[in-house]
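S.K.: Just dropping this structure here.
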Amino acid sequence: MSVLPEIPHTLADYGWDSAFAEDFSLHHCHRTTDLIPGRIIRVDRGRCDVVISTRRSTSSDTSTAPVTVVPADIAPVHTSDPMEWACTGDWVALDPPSANTLATVRALLPRRTAMVRSTSSKRSEGQVLAANVDHVVVAVCLATQPDLGRLERFLALAWESGAQPLVVLTKADLATDAEYVRADTEAAAPGVQVLVVSSETGEGIDVLSAVLAGSTSVLIGRSGAGKSTLANTLLGQEVQEVNHTRDSDGKGRHTTVARDLLPLPFGGVLIDTPGLRGVGLWDAESGLQQVFSEIEELAQECRFHDCAHNREPGCAVLNAVEDGALTVRRLESYRKLLRENAWIASRTDARLRAERLRHWKMIHKSVRDSGVTRRR
Ligand SMILES: Nc1nc2c(ncn2[C@@H]2O[C@H](COP(=O)(O)OP(=O)(O)OP(=O)(O)O)[C@@H](O)[C@H]2O)c(=O)[nH]1
Ligand SMILES: [Zn+2]
């Protein structure tokens with residue numbers, strides 16, 4: 001067993017609920033040995049760290065007992081497809097650790113959402129950076145002129161993951177015209193809540209905490225947007241668990257338990273993994289449709305159903321630009337991101353994608369056939 005101390009959180013604090021419990025029971029009943037549920041908080045070279053309950057007896061106990069962190073082997077669930085690699089946020093079924101064996105992950109439970117980025121390999125494949133995320137919080141700094149095109153790209157990625165995006169306008173204490181920026185931001189983010197916060201004064205932190213409470217969240221945004229500062233503000237005391245502290249002589253660096261997934265003091269967790277913060281687009285066509293939903297709606301009114309909104313007669317999109325209802329900036333941003341996305345998608349091996357789709361359909365079908373109804 002791990003020598004790590006018990007942490008006064010429960011699996012429920014980490015997002016465990018009855019729908020995951022049902023998915024887990026499907027794996028459980030196929031096995032003679034006792035598998036246990038857990039959530040991956042970090043993956044590192046063939047190993048992962050998993051939070052598990054300190055109590056094993058019944059599932060009702062599991063949700064209220066304190067959790068502990070154990071290292072686990074992920075080799076049995078390794079596949080050739082990076083989209084299916086175990087990642088931070090995954091709920092898993094695992095063999096518990098024993099006196100002389102490491103815990104072993106036997107299955108990943110079906111993901112509700114997945115944050116995906118393109119890898120830099122020659123053959124473009126997606127890689128999952130975080131699983132089962134409920135809120136993607138996009139941080140935009142109020143101290144400088146916001147880059148709305150960049151915001152729209154982050155939002156497309158957020159929508160594409162299946163999570164609910166949220167925009168936080170940070171450093172409100174440095175803002176000269178917060179309301180003006182908020183209005184511009186809201187116009188660039190239909191269907192997305194926009195909150196104004198300051199880690200310096202604490203403005204808006206209570207509202208943000210209430211929105212994120214009980215869910216799994218990630219913070220993304222450009223460098224310097226104030227993500228680390230905001231994460232520390234939200235995590236409060238909890239962050240002490242992960243701080244990298246220097247030796248008293250100032251030479252070496254000690255790491256206590258390094259975690260990419262941290263419990264929030266008001267319930268729920270925050271995922272912060274390297275690579276997730278400045279993530280790029282990957283096959284986010286439906287995400288783009290959601291970011292630019294008003295343009296998609298206008299396009300329904302164009303005279304020609306294949307209208308490219310260039311100079312076609314009866315184009316509702318161009319008419320909206322003429323009326324001032326739609327900005328040229330936003331239409332150009334929409335075109336640019338669609339082109340960028342099409343280019344990335346075209347690099348992806350079509351056969352690979354078809355296989356992946358078939359595989360996931362099979363999983364969904366087997367879940368459906370077992371009579372389990374899923375929440376989302
Ligand atoms: N005045 C003020 N400064 C802030 C606030 N939040 C962050 N900052 C400052 O802004 C700078 C960047 O903040 P970070 O939290 O490091 O930004 P980040 O988004 O994590 O940056 P990366 O780690 O590069 O991605 C730091 O100097 C912070 O002290 C705030 O609410 N008010
Ligand atoms: Zn048109």
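Using the three backbone atoms N, Cα and C, a Cβ is placed for every residue, glycine included.
Below, the features straight out of TrEMBL:
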- 123-279: domain 'CP-type G' (DOMAIN)
- 131-277: domain 'EngC GTPase' (DOMAIN)
- T170, K171, A172, D173, G221, R222, S223, G224, A225, G226, K227, S228, T229: GTP binding site (BINDING)
- C302, C307, H309, C315: Zn(2+) binding site (BINDING)
S.K.: Work out the three-state DSSP category of A172 (GTP binding site).
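M.R.: Where A172 (GTP binding site) sits, the three-state DSSP reduction gives helix.
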S.K.: What binding-site residues in A172, C302, C307, C315 place CB under 6 Å from ligand 1?
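M.R.: Among A172, C302, C307, C315, near ligand 1: none.
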S.K.: Please work out which residue of A172, A225, C302, C307, C315 has the most C-beta neighbours within 10 angstroms of its C-beta, and give that one of the binding-site residues.
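M.R.: That would be A225, with the highest Cβ count within 10 Å.
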S.K.: Taking ligand 2 as the reference, state which of the binding-site residues T170, A172, S223, K227, T229 have a Cβ closer than 6 Å to one of its atoms.
M.R.: none
S.K.: Fewest other Cβ atoms within 10 Å: which of the binding-site residues T170, S223, T229 wins that one? Let me know.
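M.R.: Counting other Cβ atoms within 10 Å of each of the binding-site residues T170, S223, T229 gives the minimum at S223.
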S.K.: Could you state the CA-to-CA distance between C315 (Zn(2+) binding site) and G221 (GTP binding site) to the nearest Å?
M.R.: 34
S.K.: Name them in sequence order: residues not among C302, C307, H309, C315 whose Cβ is within 8 Å of the mean position of the Cβ atoms defining the Zn(2+) site.
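M.R.: Neighbours within 8 Å of the Cβ centroid, excluding C302, C307, H309, C315: A299, R303, F304, A308, N310, E312, G314, A316, V317, L318.
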S.K.: Using DSSP, what is the helix/strand/coil residue split across the domain 'EngC GTPase' (131-277)?
M.R.: 49 helix, 36 strand, 62 coil
S.K.: A225 (GTP binding site): which of the binding-site residues C302, C307, H309 is the nearest Cα neighbour?
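M.R.: It is H309, whose Cα lies nearest.
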S.K.: Checking the binding-site residues C302, C307, H309, which are within 10 Å of G221 (GTP binding site) at the Cα level?
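M.R.: Near G221 (GTP binding site), where near means Cα within 10 Å, there are no binding-site residues at all.
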S.K.: Any idea what the Cα distance is from S223 (GTP binding site) over to H309 (Zn(2+) binding site), rounded to a whole Å?
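M.R.: The Cα atom of S223 (GTP binding site) is 35 Å away from the Cα atom of H309 (Zn(2+) binding site).
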S.K.: Sequence gap of 6 or more, C-beta under 8 Å: which same-chain residues meet both conditions with respect to H309 (Zn(2+) binding site)?
M.R.: A299, C302, C315, V317, L318, L331
